[in-house]
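As given in TrEMBL:
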- Gly33, Gly34, Gly35, Leu36, Met37, Gly38, Asp56, Glu121, Lys126, Ser148, Asn172, Lys304: NAD(+) binding site (BINDING)
- Ser72, Lys79, Ser148: CoA binding site (BINDING)
- 28-213: domain '3-hydroxyacyl-CoA dehydrogenase NAD binding' (DOMAIN)
- 215-312: domain '3-hydroxyacyl-CoA dehydrogenase C-terminal' (DOMAIN)
- His169: site 'Important for catalytic activity' (SITE)
Amino acid sequence: MAFVTRQLVRSMSSAAASASAKKITIKHVTVIGGGLMGAGIAQVAAATGHTVVLVDQTEDILAKSRKGIEDSLRKVAKKKFAENPKAADEFVAKTLSSISSSTDAAAVVHSTDLVVEAIVENLKVKKEFFQRLDKFAAEDTIFASNTSSLQITSIANATTRQDRFAGLHFFNPVPVMKLVEVIKTPMTSQKTFESLMDFSRNLGKHPVSCKDTPGFIVNRLLVPYLLEAVRLYERGDASKEDIDVAMKLGAGYPMGPFELLDYVGLDTTKFILDGWHEMDSKNPLFQPSPSLSKLVGEKKMGKKSGEGFYKYK
Ligand code: CAA
Ligand code: NAD
């Protein structure tokens, strides 16, 4: 009898161990930050059957995010249901009804499967944010940062859940760009990594992985290119308009580098560059740019603020 009980306990504990090693199916997502990226992530998650809570600092910002999501959904629906305007309206309404919002992250993370953070590109701010949230989120909840350039390990170390912490890097505009970079730190569990790879696929995206290195794959190549374009312009070698035309017509890029800088946000690009310069001040690719600093100093953040290298209506 004692043998049978021991066997039973052993098989029960191995079942529990394999259950805890199993991937999580992410159904409920909390997105922190309703700016360019957070709004897009919330939209795509809701449109693919997830329940979403979008968090930002004020109700005004959240109302603006919701309007942006609705406009973007209408573009998607127009294409997806070209022959059926009623189905398009239903898709927009159903997706919007899956997104609720809050200004209090701590109050809404008690039973979420995944927190995706898309707030300002600043290590101290991100660390403080996750350190606080760690106390309120459920044990199983996975934390992910959409950082463009910061080390995921440094952010994860602010929490007690390093095994349930990873990078989940989306691209702008999120509803259109198919890529997600999934970043596994040395502490991220395989279960967390696989749960996020599956989640990315469920969003209709193509996940790739990269070590926890500055800029991962895309930004390590893209940001130095963008800054080289600015230096070309700063030296007076060519106008920004000609550089943009050249890269579109000569290299097949959908946007020129100045159009893309404005689209990404000049503040975000400056945060990325400043962080890398601090890390490796001798690298010529990471040197500060006078024109970028000047525009950000004048609050010209690019398309989102109405002016950057170009002016927008
Ligand atoms: N939501 C939904 N659909 C959108 C959209 C949005 N926000 N923006 C564009 N679209 C759709 C349009 O409706 C349009 O659909 P149809 O083909 O059915 O008409 C399609 O996308 C193309 O849009 P447009 O015709 O308006 O304009 P475009 O052809 O110039 O494409 C673009 C716009 C997709 C943004 C394209 O210019 C592009 O790919 N640009 C480069 C973007 C890029 O490099 N992003 C990565 C930035 S780096 C990053 O994100 C990482 C980081 O950490 C900084
Ligand atoms: P954004 O400025 O458009 O939006 C950031 C939002 O976060 C704002 O609405 C702000 O009010 C909100 N916020 C700030 N602190 C907050 C807090 N403590 N709680 C809740 N909300 C808070 O910035 P973005 O372009 O969406 O970038 C967000 C993150 O995504 C950054 O880490 C950035 O590097 C990264 N990223 C940006 C791009 C891009 O092309 N812009 C692409 C990929 C990744």
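Each Cβ is built from the backbone N, Cα and C atoms, and glycine gets one as well.
Since we're looking at a predicted model, the values are computed, not measured.
Here the domain '3-hydroxyacyl-CoA dehydrogenase NAD binding' (28-213) has a mean pLDDT of 97 out of 100.
Annotation for Gly35 (NAD(+) binding site): spatial neighbours Asp56, Ile61, Ser65, Ala118, Ile119, Lys304, criterion Cβ-Cβ under 8 Å with sequence separation of six or more. Once the Cα atoms of Ser72, Lys79, Ser148, the listed binders of CoA, are compared pairwise, the greatest separation found is 30 Å.
Among the binding-site residues Ser72, Lys79, Lys126, Asn172, the residues whose Cβ sits under 6 Å from any atom of ligand 2 are Asn172.
When the binding-site residues Gly35, Met37, Asp56, Ser148, Asn172 are checked against ligand 1, Ser148, Asn172 have a Cβ within less than 6 Å of one of its atoms. In this structure, Asn172 is the one among the binding-site residues Ser148, Asn172 with the smallest number of other Cβ atoms inside 10 Å of its Cβ.
Broken down by DSSP into helix, strand and coil, the domain '3-hydroxyacyl-CoA dehydrogenase C-terminal' (215-312) contains 65 helix, 3 strand, 30 coil.
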